[in-house]
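According to TrEMBL:
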- Lys148: ATP binding site (BINDING)
- 24-39: compositional bias 'Polar residues' (COMPBIAS)
- 47-68: compositional bias 'Basic and acidic residues' (COMPBIAS)
- 420-435: compositional bias 'Basic and acidic residues' (COMPBIAS)
- 119-403: domain 'Protein kinase' (DOMAIN)
- 19-88: region 'Disordered' (REGION)
- 413-464: region 'Disordered' (REGION)
- 537-583: region 'Disordered' (REGION)
Amino acid sequence: MGCVISREVQSGIVSEVKEEKSLTVESNRTVEEVSTSRGEGNVVEVHNGEKVKEKEEKSDGDGVQRPKGERRRYKPNPRLSNPPKHLQGEQVAAGWPSWLTAVCGEALNGWIPRKADTFEKIDKIGQGTYSNVYKAKDTITGKIVALKKVRFDNLEPESVKFMAREILILRRLDHPNVIKLEGLVTSRMSWSLYLVFDYMVHDLAGLAASPDIKFTEPQVKCYMHQLLSGLEHCHNRHVLHRDIKGSNLLIDNEGVLKIADFGLASFFDPNRRHPMTNRVVTLWYRPPELLLGATDYGVGVDLWSAGCILGELLYGKPIMPGRTEVEQLHKIYKLCGSPSEEYWKKSKLPNATLFKPREPYKRCIRDVFKEFPPSALPLVDTLLAIDPVQRKSASDALRSEFFTTEPYACDPSSLPKYPPTKEMDVKRRDDEARRSRAAAKARVDGGKKHRTRDRAVKAAPAPEANAELQHNIDRRRLITHANAKSKSEKFPPPHEDGQLGFPLGASNHIDPDIVPHDVSLDSMSYTFSKEPFQAWSGPIGNHPTTNGITKRKTKNTANDALDLSKPYKGTLKDKGKGKKIIA
Ligand SMILES: Nc1ncnc2c1ncn2[C@@H]1O[C@H](COP(=O)(O)OP(=O)(O)OP(=O)(O)O)[C@@H](O)[C@H]1O
């Protein structure tokens, strides 16, 4: 078949050092880096499956851990992806397609071919912007795995580039709370490529949205501790995830949480700034600096998202569910306050003039979340700091009193065993419920006169029509990226939020005729339906605002920042056309 899969996974950074010495990896010998939430310093050497010794490591200040006595011989280039030509030749000879060795040869090192027909697809379990995900069985080991099939639409160089980056990043990460890339399956003949992962039954969005599940404080601490430990590892390895949200936090039946979907992740160099796109992170979890156009940012973007997740787990629903970038920023200002004068001055954010409110907004996190456990408030407050510097680091968050005071985080293995609950399962269940409600209604209506039914159908669409509408909106959002998950870096659309609101990424994203500079943000407003939210991971799920928009204007106050039962005043106009936004 000419298909291949890797068998051995190495920690990328450690293997870079090994690669220098010898390009041949000794059989049955792997080096695993073990990390803890307190820091990442121990290297465990494993020989023939047995732990041989633990080595103390030291870092040369570049965050890369290496054994005592071994000095940094060269500064690894985090963006390096291609091995020298002769290595590419070896990889092709080993069975890898040459196009793959050309784009991410480094990530293939140490992996050996295996045939794709040794996997049996069981079910489609997920769909992403550029991939389908399947549950499958490895027929050799009997293990259940997840196969992420990457689509290459006409071999679009962008999608190849992003796929290569995701693979490279995944191979550099090795932590219990980060999804592990177990291998790649590809064919010389076809352009499709499968990424092989451990199969995970749940995601946090699905669990959180499940009506039967109410997390206790120790459980929230347990999930947050795992999330922050995974983030600490990514950041120590100079990787920004840039899309932390519930549906990207996968959970297995042992309660272990793993950060997944590194499709938007990027390497960063803390010592040498290079501009990055601000069109990343799903809207509800996107920090203010990105909405304000920052291209020079760091770990703070992931920490903000983690703060949104913590708020969500404790509050019971998403804390800032904006529909457009403007609305998102407004929600942030209302809850977290608007940036201080000092921050405006030092940050020099591209969109500052457009989004600086005339009157500053007061921060009211501690009022709004006064019901939160007292030890959680300081952490929420830190993670949701407007100035990213004040969000500190994942390691600091792990040392916060939230984790060091009783009740402590429970052990993952003590978490209840839930039925499979992914965000996708929740959506499927909602769709089924809608369909059966529609069927029941149709049976009732069936007894009525024909003319009456016709009129009723015209007057108000049947529930399944709404469901279909919702489904199409969701799909369109997935496809167009206008769903608040900025994928413009993957497939840059001309006007990313065109259908939903204002694309803020470009400096001219708002028509000054519509939003004059001297208009306070307070004068722009939006509306919410009174229905409760059903999905937790951004507007991909059922979103009440898509069901209709009320034109009623009401005055909003700081305290209604999170009060979704009240309609929020509103006349946000569509870009340049003066239309109401219909998401
Ligand atoms: N290891 C896994 N085990 C089980 N399910 C998984 C696994 N990896 C991914 N999935 C499912 O597939 C979905 C899509 O995967 P993923 O998010 O990695 O793809 P993507 O193309 O990057 O999607 P998106 O466009 O949402 O970012 C996930 O939301 C999840 O439900």
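Note: Cβ is positioned from N, Cα and C throughout, glycine not excepted.
TrEMBL entries are annotated by machine, without manual review.
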Q.
Going by DSSP, is the residue listed as 'ATP binding site' sitting in a helix, a strand, or coil?
A. strand
Q: Only counting partners 6 or more residues apart, tell me which same-chain residues put their Cβ under 8 Å from the Cβ of Lys148 (ATP binding site).
A: Gly128, Ser131, Asn132, Val133, Tyr194, Leu195, Phe197
Q) Across the domain 'Protein kinase' (119-403), what does the pLDDT come to on average, as a whole number? A) 93
